[in-house]
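Trainee: Once you've had a glance at the structure underneath, I'll fire off some questions.
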Amino acid sequence: MTALAGNGATLPEILACGNSKREEGAVVNSPQACLVAGRKDIGAEVASSTATTEKLFVFLLFFFSGASGLIYQVAWVRMFTHIFGSTTIAVSTVLAAFMAGLALGSYVFGVVADRYKRQSLLFYGILEGAIGAYAFALPHLLSSVESLHVAIYRNYEPGSWLFILIRFVICLVILLLPTTMMGATLPLLAKFLVRQFKTVGRGLGILYATNTAGAVIGCYLAGFHLIASLGVTRTMHVAVLVNLVIMGAACLAHFLYVRVANEDTMGGEAAPVAERPLENYDSGKSRIIVFCFALAGFASLCYEVLWTRALVFFMGFSTYAFSAMLTTFLLGLALGSFLFSRIADKSNDRYFLFFKIEAVIGLWGILSIPLFTWAFYKLQERWEYYVNIDLSWEYTFHYKFLKAFLVMILPTTLMGAAFPVVCRIFTSDLKKLGRDVAAVYSANTVGAIVGSAAAGLVIIPLLGTQKGIVLIGAVNILIAMVALFMSTIPARRKALALAATGGAAAIVLIFSSRDVVLRAPWEQWESLLFYEEDSMALVKVFRTEDGRTVLSIDGDTLAGTGEIMQTNQKMLAHLPMLLHDDPRTVLIVGFGAGGTSYSMSLYQPDRIDCVEFVPSVLKAAPFFDEVNHGVLSSPIYNVTLDDGRTFLLTSEDTYDVLSVDTIDPKHYGSSNLYSRDFYELCRQRLNPDGIMVQWLPFSWLTCRELSAVFASFASVFEYPTLWFNRHFTYFLMVGSNHELEIDYQRLSERMSDAQIADDLRVIHLTDPAQFLYCFAADTDAFRQLASEAPKLNTYDMPVLEFFKYNAGETVRCQPLIERKGMPKLTNLGKTPEEEALVRKKIEDHLNIANYIILTLHCDEAKEAVQRWRYNQAALKLNPSDVVARWLLPYSEVLLRKQQERIVASIREKPSPDRFSLLADFYYQLGEFAPAIAVMEEGLQSFPDSSEMRLQLADYYETIGNSKAASLHRKAALTN
């Protein structure tokens, strides 16, 4: 058979076609007509193959676009909160401006997409390139925004609606252009890819799912890897590079597509009206559904905010917990959009489908807090019962993530499913597909803007997390009811669906009606005294079984009436106030229980300013009157509710003493308060002879992270020194730009003041020698410790935020924890004899402190004997030392546990090594008789062990029994 040139159809096929081919009711009765039809068929096949490849390529581009977009969101929120602060209002302002641009871009470019369909891919490529170019320039724009924000802050009342509006306008002006371009990409690609009315749901669903799947990857990479290794700016540059690659690929694809399209239509035109399914499109009902979808967007962002607040108590405070939650949320959206993309097209009643989606979201949402409680507490108890292993940090975190994932994945999947369903309902004509998609997307985004702000600023303060979730669940059920009444199912089925939903809602409300007190596993109390959620945090005050009153913020116990907690608060006051010659003005970052504020007031400065981040902390102050003594009512005391960094950035005042009492640097966002950028702000607010002090926990930080803090601090302050708190459980970093000289006699006089002495007595500091034994490292030693840091901790490179906790690291950090150097002391005494006595007294206290430090930082499991010996050495020097006496019971408990472990191992499987280990345990304690008895018993079971006989010979030699020692050495040589 000879093929006709250029069309691929054979003559018999053409003749057969001429005899019988019919298309759309018209008989094709000539070879020429069939040849044309054959060309159309072959062209359609080629076009279909080309279009499939082209769609996959565009989906791939949109996937990477989603990844870069989420990286931008993470990076930009960090950059803007660096300027505007971390308050809920500030963060909500940034997010609102970001999403407003997305909504605007989608709405405006919906019309453009409909008018210029053939250029939509080119426009998309140009927009991606422009986004990348703008993102690259954004850090330079923000440098001028900071100065503008400072000026506005100083001239308007912070927190006022006018101030909030001005700040929103600033964010909107900066973010409007790139986010508008981001929002424009969805309608442009929707118009380009969706070519048949019957596949609107599938096309849009897969397109949205692809972009959101890219966002999942972007969120994971930014939250777990990129920022940790590259920093914020360079992470953003990775996204810029992705945008530029997308631009090149999209523009190239456009020109290739145009060339092919000139030869063949590729099936790309809108489907004729006759090919559309006969649907009764109701514009009024579809507009109501779009409004409902806006409410669904409101609910979705409320869930995100509320679940984030709740998960703090279940997953902890780290940046990994937040990233894991957001990744799960986005993954559910992508999965739901993908799974329901075909269902949306095939459904006979999409209103009823939308009803089922929203109803399940609402019911599951109401049940989510009890589900979280069950998964993290009840399930955890069963898991620990069956699995008795020592879990690593990574394993524990992933196990927590899995539990959160199982609770969140169903409602988030259904949230994603709603998009293709609503798009399919609202789209009436392919000719205005771009506008319809834009309207749906914009409505949902506007709802999300309101939801993100309302959840943190209104719902949580008024209702709390649990009741807020119940309210939002009711919103979803209300949306479902509206969709149900618009569906076309028979009235009887509607009644059954309504009854079923009502019954299910009653059941889940029963499970959710009991108030759940959000608490971390380590929060144990006898009675709960105060419980309040505000826009910033959940604050609790509770009394423990041993009588302590404790302040907790988002599950982290920060202050209270216990001895160690009071030590932390009072050391933050007395240390800088005693080191400064004449402190007149004081700034405190963090009120806590008010102990630091009260202790500073005893020095009678002219003014004490305090900046507190969480409003409810001040409401809890009356529960700690024995600590703060009503300092809030003092005429010299002023409190500002704001972010600490923002206050330092915008204030024009300077201070003699600056005391920073922050939360652990492992918490999400708090590592910024241990950064070089923050320390530079602190230095700017100090007078020339000013002193800064900051609390620094080291129990959860690795050597690398501790060194990074030291290096960041030392890079700003010329004369940094390091101190311990009274119980040697935390560091206190002291920074100044002049060398500190301690006048011993003057220090003694100031500590003798009646009020100050009484306050110091609470933490067992009664004389200058005891005060000085808290000294840890002088400036030279501090800089030596800092030199070991691979990187500084900065806003751009938040080293501390991306920690991985390992308890064993604290043992390997011993070189960082041991004392190094001495402070510069003057005026020790009026005579050489008096000076010698003072030096001897200081030396004795330093020796006690050294033994306590060694006691605290021994490996509890492996070095219990050594720990006990250090503890005893400290008590030998001073039997009344409070810290040494406080540590002794625990040292004895560890000693007994180690003995029990060795004895149990011998009973389980006796061996020479285990007998030797137990004997050495007694020998190190100086109990020679039990050590010899253990070795004699072991030799009865293992008489041929030369090592055991040599060890026993040494023991006999120690007690002076040379004869027995000689016998065992000879026996060892014989063996």
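Any Cβ shown, glycine's included, is placed from N, Cα and C.
Quick paste from TrEMBL:
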DOMAIN    54-491  domain 'Major facilitator superfamily (MFS) profile'
TRANSMEM  56-77  transmembrane segment
TRANSMEM  83-109  transmembrane segment
TRANSMEM  161-194  transmembrane segment
TRANSMEM  206-230  transmembrane segment
TRANSMEM  236-257  transmembrane segment
TRANSMEM  288-306  transmembrane segment
TRANSMEM  312-340  transmembrane segment
TRANSMEM  352-377  transmembrane segment
TRANSMEM  401-426  transmembrane segment
TRANSMEM  438-463  transmembrane segment
TRANSMEM  469-488  transmembrane segment
TRANSMEM  495-512  transmembrane segment
DOMAIN    508-749  domain 'PABS'
BINDING   GLU612, ASP643, GLY644  S-methyl-5'-thioadenosine binding site
ACT_SITE  ASP661  active site, proton acceptor
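Relative to the rest of the structure, where do these features sit?
Mentor: Sequence-remote contacts of a segment are chain residues at least 6 beyond its ends whose Cβ falls under 8 Å from one of its Cβ atoms, and for the transmembrane segment (56-77) they are 91, 94-95, 98, 121, 124, 128, 131-132, 135, 138, 175, 178, 182, 185, 189, 192-193, 206-207, 210-219, 221-223, 226-227, 232-233, 235-236, 238-240, 242-243, 245-246, 249-250, 253, 330.
For the transmembrane segment (288-306), the list of distant contacts is 325-326, 329, 351, 354, 358, 361, 365, 368, 411, 415, 418, 422, 425-426, 439-440, 443-452, 454-456, 459-460, 465, 468-469, 472, 475-476, 478-479, 482-483, 486: same-chain residues at least six beyond its ends, Cβ to Cβ under 8 Å.
Residues of the same chain lying 6 or more positions beyond the ends of the transmembrane segment (401-426) and with a Cβ under 8 Å from any Cβ of it are 200-202, 204-205, 208-209, 212, 286-287, 289-290, 293, 296, 300, 303, 307, 311, 314-315, 324-325, 328-329, 331-341, 343-345, 347, 350-351, 353-354, 357-358, 360-361, 364-365, 368, 371-372, 375-376, 379, 436-437, 439-440, 444.
Cβ atoms under 8 Å from those of the transmembrane segment (469-488) belong to residues 285, 288-289, 292, 295-296, 298-299, 302-303, 306-307, 310, 349, 351-352, 354-359, 361-366, 368-369, 459, 463, 494, 497-498, 501, 505, 508-509, 512 of the same chain, restricted to positions at least 6 beyond its ends.
Around ASP643 (S-methyl-5'-thioadenosine binding site), the C-beta neighbours below 8 angstroms that are at least 6 residues distant in the chain are GLY85, SER86, THR87, ALA90, VAL611, PHE613. Classification of ASP643 (S-methyl-5'-thioadenosine binding site) by DSSP places it in coil, neither helical nor stranded.
Around ASP661 (active site, proton acceptor), the C-beta neighbours below 8 angstroms that are at least 6 residues distant in the chain are ASN568, GLN569, LEU572, ILE588, VAL589, GLY590, GLY592, THR596, TRP695.
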Trainee: Pairs 6 or more apart in sequence, C-beta under 8 angstroms, 3 or more of them: is that satisfied by the transmembrane segment (206-230) and the transmembrane segment (438-463)?
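Mentor: Between the transmembrane segment (206-230) and the transmembrane segment (438-463), contact is absent.
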Trainee: Mind giving me a neighbour count for GLU612 (S-methyl-5'-thioadenosine binding site)? Other Cβ atoms within 10 Å of its Cβ, every protein chain shown.
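Mentor: The answer is 22.
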Trainee: For GLY644 (S-methyl-5'-thioadenosine binding site), which residues of its chain lie six or more apart in sequence with Cβ-Cβ distance below 8 Å?
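Mentor: Set apart from GLY644 (S-methyl-5'-thioadenosine binding site) by at least 6 residues yet with Cβ under 8 Å, we have VAL589, GLY590, VAL611, PHE613, VAL660, THR662, LEU673.
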Trainee: Looking only at residues six or more beyond either end of the transmembrane segment (352-377), which have a C-beta under 8 A from one in the stretch?
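Mentor: Residues 289, 292, 296, 299, 303, 307, 310-311, 314, 340, 343-344, 400, 403-404, 406-408, 410-411, 414-415, 417-418, 421-422, 425, 465-466, 469-470, 472-477, 479-481, 483-484, 487-489, 497, 501, 504-505, 508-509, 511-512, 516, 521 contact the transmembrane segment (352-377) from elsewhere in the chain.
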Trainee: Which are the residues of the chain, GLU612, ASP643, GLY644 excluded, whose CB is within 8 A of where the CB atoms of the S-methyl-5'-thioadenosine site average out, their centroid?
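Mentor: Neighbours found: GLY85, VAL589, GLY590, VAL611, PHE613, THR640, LEU641, ASP642, ARG645, THR646, PHE647.
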Trainee: In terms of DSSP three-state secondary structure, what is the assignment for ASP661 (active site, proton acceptor)?
Mentor: coil
Trainee: May I ask for the residues of the chain that lie six or more residues beyond the transmembrane segment (83-109) and have a Cβ under 8 Å from a Cβ within it?
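Mentor: 73, 76-77, 123, 142, 145-146, 149, 159, 164, 167-168, 171-172, 174-188, 434, 437-439, 441-442, 445-446, 448-449, 452-453, 456-457, 535-536, 613, 642-643, 645-646, 669, 672.
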Trainee: Give the three-state DSSP assignment (helix, strand or coil) for GLU612 (S-methyl-5'-thioadenosine binding site).
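Mentor: Where GLU612 (S-methyl-5'-thioadenosine binding site) sits, the three-state DSSP reduction gives strand.
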